[in-house]
Amino acid sequence: MIALLIGAGVALLVALIGTPLFIRFLVAKSYGQFIRDDGPTSHHTKRGTPTMGGTVVVAAVLISYFVTHLIMWMMNPDSAGPSASGLLLLFLMVGMGFVGFLDDFIKISNKRSLGLNARAKLILQAAVGIIFAVLVLQFPNEDGLRPASTQISLVRDIPWLDLAFGGTVVGAILFVLWSNLIITAATNGVNLTDGLDGLAAGASIMVFGAYTIMGIWQNNQACGSPREAGSGCYQVRDPMDLALLAAILSAALVGFLWWNTSPAKIFMGDTGSLAIGGAVAAFAILSRTELLLAFIGGLFVLITLSVIIQVGFFKLSGGKRVFKMAPLQHHFELKGWDEVTVVVRFWILAGLFVAAGLGIFYAEWVVLL
């Protein structure tokens with residue numbers, strides 16, 4: 001628990017102090033956001049706002065994670081140190097963040113709202129996702145537990161939903177596809193949510209807060225733990241290190257949100273939204289709560305569905321629309337809601353989804369007592 005407090009504290013300070021310094025750098029370089037003309041007219045005033053703020057969030061997470069482990073080692077040389085699960089999560093977060101950084105950099109360099117083309121972006125994301133999926137099936141600990149398994153999970157692995165039903169090779173291939181589906185859904189969900197000042201950051205703080213709570217609980221109720229109660233123990237590798245990273249991410253985003261809240265002094269850009277989405281997907285896979293992500297990240301799911309419905313209905317109906325504009329948050333803007341009103345109400349929705357996810361997580365454990 002001390003590690004979580006240290007990590008969160010360092011992340012908060014790095015983000016709070018680092019973000020305004022990064023804003024000054026971006027302003028000096030004239031690196032600002034370009035706003036699409038077909039968006040809400042109220043957004044045109046945001047043109048030129050510094051972007052790529054996700055760079056600070058990623059840096060704060062990396063610094064905090066390794067500084068925390070260094071401090072814990074100095075306090076106790078026998079401490080575990082960085083875990084395989086923690087490093088793999090950082091790999092996916094940084095990898096996706098790098099793809100987003102390339103996209104943002106092309107936008108600001110060419111002074112337009114379009115960055116990487118869709119094919120290049122998809123290929124890069126798939127490459128990072130495939131490497132991650134292959135690696136998480138490796139690195140067994142002393143108990144033979146690996147960061148992930150081929151079994152699809154809800155709040156724990158579901159034995160009768162094993163992707164390795166056709167053998168190890170088939171299982172590995174299907175797991176790579178399944179993992180990339182989760183990664184693509186999470187990254188696109190956060191990316192689509194990042195359209196209003198503070199919306200994605202605030203919602204993500206709650207999501208990572210949930211993973212902090214679940215990681216602590218999984219550690220306390222790990223199979224073989226002295227605190228294990230009943231038959232509901234968890235077989236998750238490195239749950240406490242995952243809880244540490246979740247706490248660090250929440251704190252880093254709190255520090256960033258101080259500057260990103262309306263009126264935003266900086267946007268997270270694709271650098272931030274893809275990095276956060278990658279981290280969300282990694283938590284779902286590594287904590288063995290893949291299907292539960294539909295509840296924990298319910299706001300991201302809702303906003304993604306609004307885009308799918310809008311595009312699908314537009315094509316099938318020959319040009320008609322369900323919403324005034326998609327993603328969903330812009331529909332309410334065009335209905336006359338103030339941006340801050342939309343953001344706060346969507347934060348409330350995000351909190352309700354997170355509460356539902358945590359309720360399902362805990363209720364399953366109670367049933368197994």
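Cβ atoms here come from the backbone N, Cα and C positions, even for glycine.
Since the structure is predicted, the reported quantities are computational estimates derived from the model, not experimental observations.
Quick look at what Swiss-Prot lists:
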- 2-22: transmembrane segment (TRANSMEM)
- 55-75: transmembrane segment (TRANSMEM)
- 86-106: transmembrane segment (TRANSMEM)
- 120-140: transmembrane segment (TRANSMEM)
- 163-183: transmembrane segment (TRANSMEM)
- 196-216: transmembrane segment (TRANSMEM)
- 239-259: transmembrane segment (TRANSMEM)
- 266-286: transmembrane segment (TRANSMEM)
- 291-311: transmembrane segment (TRANSMEM)
- 348-368: transmembrane segment (TRANSMEM)
Ask   = Taking residues 6+ outside the transmembrane segment (163-183), which of them lie with a CB under 8 Å of any CB in it?
value = 92, 96, 125-126, 129-130, 132-134, 136-137, 148, 150-152, 277-278, 281, 284-285, 290, 293
Request  = Mind pulling out the one from 2-22, 196-216, 266-286, 291-311, 348-368 with the most Cβ pairs under 8 angstroms to the transmembrane segment (120-140)?
outcome  = 266-286
Note = Among 2-22, 55-75, 86-106, 196-216, 239-259, the stretch with the most Cβ pairs under 8 Å to the transmembrane segment (291-311) is 196-216
Ask   = Are the transmembrane segment (86-106) and the transmembrane segment (2-22) close, by which I mean at least 3 Cβ pairs under 8 Å that are 6+ residues apart in sequence?
value = no
Ask   = Counting only pairs at least 6 apart in sequence, do the transmembrane segment (55-75) and the transmembrane segment (2-22) share 3+ Cβ pairs under 8 Å?
value = yes
Key: Contacting positions for the transmembrane segment (2-22) when only residues 6+ beyond its ends and CB under 8 Å are counted   = 50, 53, 55-57, 59-61, 63-65, 67-69, 71-72, 212, 216, 240, 243-245, 247-256, 258-259, 265-266
